[in-house]
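Student: Per Swiss-Prot, the features are:
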type	residues	note
ACT_SITE	Lys256	active site, N6-AMP-lysine intermediate
BINDING	Glu254, Arg261, Arg276, Glu306, Phe346, Arg425, Lys431	ATP binding site
Amino acid sequence: MTSFREFAETCQAIEKISSTIETTNKVADLLKKVDVEELPVATHFIMSEVFPAWSGEQLGIGTSLLYVSLSKASGMSIHSIESLVRTTGDIGDTALLILKEKRKNQVTFSSFFEEKPELSITEVYRRFKIASEASGKGSQDIKVKNLQFLFTSSSPREAKYISRLALEELRIGVGEGVVRDAIAKAFSVPAEIVEHSFMVTNDLGIVAAAAKKGGVEALERLGIEINRPIKMMLSQISPDIDADIRAMKEVAIEWKFDGARVQIHKDGNSVTLFSRKLENVTSSLPDLVEIVRKHVKAESAILDGEAVAVDENGVPRAFQEILKRFRRKYDVREKALGIPIQLNFFDIMYINGKTLIDLPLLERRKALESCVESSVEDSKSISVAEQVITGDLELVEKIYREALKAGHEGVMVKNPNSVYSPGKRGKNWLKKKPLMDTLDLVIVGAEWGFGRRANLIGSYTVACYDPDTTRFLQVGKVGTGLTDDQLKELTEILSGLMEGGEAGGVFAIRPKVVLEIAFEEIQKSPNYDSGFALRFPRFIRIRDDKDPEEADTIQRIGRVYSQQLKRL
């Protein structure tokens, strides 16, 4: 078994590196050392994950539990730990300092003869797994005892990274791209084969183990599996949609529904539903399960679609209404009656044991139409999105206007020959929406309001995502456009995500919450680490359906800025 010490040493070395190539080499060295049985765990650990994102498993450990566990392991009061965190700004550095001090004060004659067994990667995972499965009465005690065991069994350096792993934030800048390249380097396999294997498995841990076991041959045997969701293909906004249509000559036009993305897995009579964030939302949407059982005729299939909240006439309701259904845990049947859903299928990735993602869109479309059975009477609850193949710009505009009139967001413009690229955003799927500049940004800081809003968090520092460094880069503050109810909701959410101390009245927030923000323009600015600032930002809505890593990137910020200059 591989020691957790080696993992911690790798993390420490990477923290001191700024070069992506050097970071990749360090990760590759670690992957080569780790036993194949432990490789899935080590791979997820180095990406700040305890469990694969698709698994739905939640560690369920917050800062309060960490403070209690550290207190029990060290003898330091919780109040003192909280004070130290405010000074260091990081729970990992705090754990390091606390356990260093404890070790210094615990040197006894007997300690020279005591040899503690070395903590392994497997044991750290096992303890996290026990903590994650604890529920009901006494579950908090179980979590604390297992964390306490890890802290008392670890060195100060190991405790630093155990603490960060417990919050799934290693802060070493290792993301999917680095790990993909590290797997290729460690096991001498082409990066493009690693990438394709990741697309069909959505699990770099599985990919790493296969590459170590059997190289290219083992990777090529990996495929899509029912109930292991794959990332959804993404679209991008085009600065000149007409030019893109002319370049493609012919495009597939579909309505862009204002709903929530859903990935549907059917295996016989069993149906599982996953959200855009790949969370299992099956229990919240029993009506969709019945729709799929009734209308999807394949024995096994994975389909892509959009769930839209509708009224009694089938007219789309506000986006927030569908999110109420996705969040629902209690009184699910009653809520289904109050907020009916229309399920609109637009793609299929797998059918009856055959993977379809490498087929052109038009071939996948034929498979989709043969798989889903519906009628005019069923149209309020299910449909296959109507698709028109054309190169006529006037017809595209006509369909676009019809979509807006029907209450939808606009249209999707797709390359008819495009493959389905999980997790990828590019020119094969474009969206045409009404012109209003908005960005999806992550809250990384906040400050309390004033006057009657003094007990509410009233202003939010927002950031874009840098996929190269896995960092969030600030682009401004937003405090307008929110109702009192929205302020209360965000205050409740963010209260559990505060970390570190206040600096100039602003306190840090763990990057978990995505907001859609409208703005007038983007300006160059030395005040934020992105180098840009939003002018007149305004809150539009919370994007519960998006992970922080799905926020708009620093590259998109730069493109929007450049496009503004061209319009001057």
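Each Cβ is built from the backbone N, Cα and C atoms, and glycine gets one as well.
Give me the structural setting of these features: burial, nearby parts and distances.
Tutor: In three-state terms derived from DSSP, Lys256 (active site, N6-AMP-lysine intermediate) belongs to an extended strand segment. For Lys256 (active site, N6-AMP-lysine intermediate), the same-chain residues lying six or more positions away in sequence with a CB closer than 8 A to its CB are Ala403, His408, Glu409, Gly410, Val411, Met412, Lys431, Lys432, Lys433.
In the three-state DSSP classification, Arg276 (ATP binding site) falls within coil. Annotation for Arg276 (ATP binding site): same-chain Cβ neighbours under 8 Å, separated by at least 6 residues, are Met232, Ala260, Arg261, Val262, Asp545, Lys546, Glu550.
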Student: Report the same-chain neighbours of Glu254 (ATP binding site): residues 6+ apart in sequence with Cβ closer than 8 Å to its Cβ, ordered by sequence.
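Tutor: Listed in sequence order: Phe346, Ala385, Glu386, Gln387, Val388, Val411, Met412, Lys414.
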